[in-house]
Every structure is written in C-alpha cells, then in structure tokens.
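As written in TrEMBL, here are the features:
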- 1-29: region 'Disordered' (REGION)
- 56-79: transmembrane segment (TRANSMEM)
- 91-109: transmembrane segment (TRANSMEM)
- 121-141: transmembrane segment (TRANSMEM)
- 161-178: transmembrane segment (TRANSMEM)
- 190-209: transmembrane segment (TRANSMEM)
- 221-241: transmembrane segment (TRANSMEM)
Amino acid sequence: MRAPSRAGPGRVARGIASRAQAAGGDPEGGRAVKTDQLIAILAGDTVMPHRVVPRVFGFTAAGLALTAMIALTILGVRGDLMQAMSGPVTMMKWLLPLGVALPALAAAAKLTSPQTRRIPALWIAPAVGVVAVAWLLQIVVATPAPELLPAVLGSSRQACLISIISISIVPLALAIRVMRDGASPAPMHCGACIGLAVGGLSTAIYTLHCTEDAPLFFLTWYGLGILIVAGIGALAGRYLLRW
C-alpha cells in the first residue's frame, strides 16, 4: 500500500495543473483543465492536507510578536498610554484597525480552502472601512478650512506609514508562505485579506507608540497604511498563491 503523500493541497493542485498542461488536457477527455475542474479534482484527492489555518494564525502571530517587540523597543511606548486608551476618540485608534483585521484574518483563513463558498466575515472589514470613511467625511465637513490641512498632515505621517509597513513585512511574508500549502480558489483575494489583517494588526501595534490623536490624522494615515499592506498582499497572492 502506498504511503500517503505529505504534500500540502496547494502543491498537489499545482502538480495536477502542471501535469494537465504538459499533457495538453485533462486525463479523461483531452480538454483543457479549468479552475472549477481543478477544484473538483483537489477536493476528491486522497492526499491528507496540512492543517493550514492553525499554521496561518500561528506564524502570523509569531511574526507580529517579533516585529512588535523590535518596533516598540526602537520607537518606545507612549507615556500616557493608559490615559489615552480611556478616551472614546483615541480608543478608536485601536478598535478600527482591529475591526478590519480580525474579520479579514478569518476570511483569509477560509480562502485557503478550495471548497470555500460563502464567507460572511469577508463583508465585515469593508463595513468597518465604510464607517471609518463616513466618520472622516463628517469631521472634514465640521472642521474649519484653515485647520483642515494641518490636522490631516500632523507631524509624523511619514514615520506612521513607514512603521506600519515595516511591522507588517515579516508576518505577511510568513503568512503567505504558509498559505502556499493551501489551495485558494481566489489567490488575489486571499492575499488581499491577509494583507488587510496583517496591516490592521500592525497598525494596532503602532498605536501603542503614536501620540497623534486627531481623527483626521489617524483615519487618513492609518487607513492608507493598511491599504498599502493589503495591496502588497494582493500582489503576493496573485503570483505566489495561484496553483
């Protein structure tokens, strides 16, 4: 009896695709193997898959812990952290990034499976984004014109973006590497979701240092930082998570 292979489902799918392309079609009819057919083949494959989802969570958490320790050692933690966390406005600096990150992480984990159909968590992150944009527009309308630009620009926007992206690099790379052992039916979406998750969590880490408490500042630059990391994740997913 042949021992079961230890290859992950993503590698199995890529192997099936490669063999089908080399043969010029599928094994049964000579037709080109399409994505739906590959999903069906993979779903019926006898290979035992790695437990991808726990590894995605574990490696992402480990990467974030490492980069958080390094970043906060270099940048430092704001001195009035506990007082700042008690304010309803500054508390949103943590709640909004986490509100994007946690459902995006759940969606990314679901998207590692080729049998995924409905992902309710996929809609929560955009809903949080809509709330943030609505709040931003409300503040823009209520802010006098001479005060608007200084409030948006703040004094640390470059450090903010660089820090969020830098904190994200290692956990995002680790998560993408683990996800290659999965078999996502939507590689680019999967990469974007893990990018949103890592970007949001990295932003929540950066807020432990950031003293810019004006909503116009953190809604603008935190949001931009998260979107940049999501874009990097989407590109990585497109090229590294496809079968």
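Going from the start of the chain as shown, residues are counted 1 onward.
The backbone N, Cα and C atoms fix where each Cβ goes, and this holds for glycine too.
In TrEMBL, annotation is done automatically, which means it is predicted and not curated.
For the transmembrane segment (161-178), the neighbouring stretch richest in Cβ pairs under 8 Å, chosen from 56-79, 91-109, 121-141, 190-209, is 56-79. Comparing 56-79, 91-109, 121-141, 221-241 for CB pairs under 8 angstroms to the transmembrane segment (190-209), the maximum falls on 221-241. Count of Cβ pairs under 8 Å against the transmembrane segment (91-109): among 56-79, 121-141, 221-241, the largest is for 121-141. Residues of the same chain lying 6 or more positions beyond the ends of the transmembrane segment (121-141) and with a Cβ under 8 Å from any Cβ of it are 96, 99-101, 103-104, 106-107, 110, 148, 193, 196, 215-216, 219-220, 223. Within the chain, the transmembrane segment (221-241) has long-range Cβ neighbours (under 8 A, six or more residues past its boundaries) at 10, 93, 96-97, 100, 129, 132, 136, 154, 157, 160-161, 164-165, 168, 172, 176, 179-180, 182, 184, 187-196, 198-200, 202-203, 206-207, 212.
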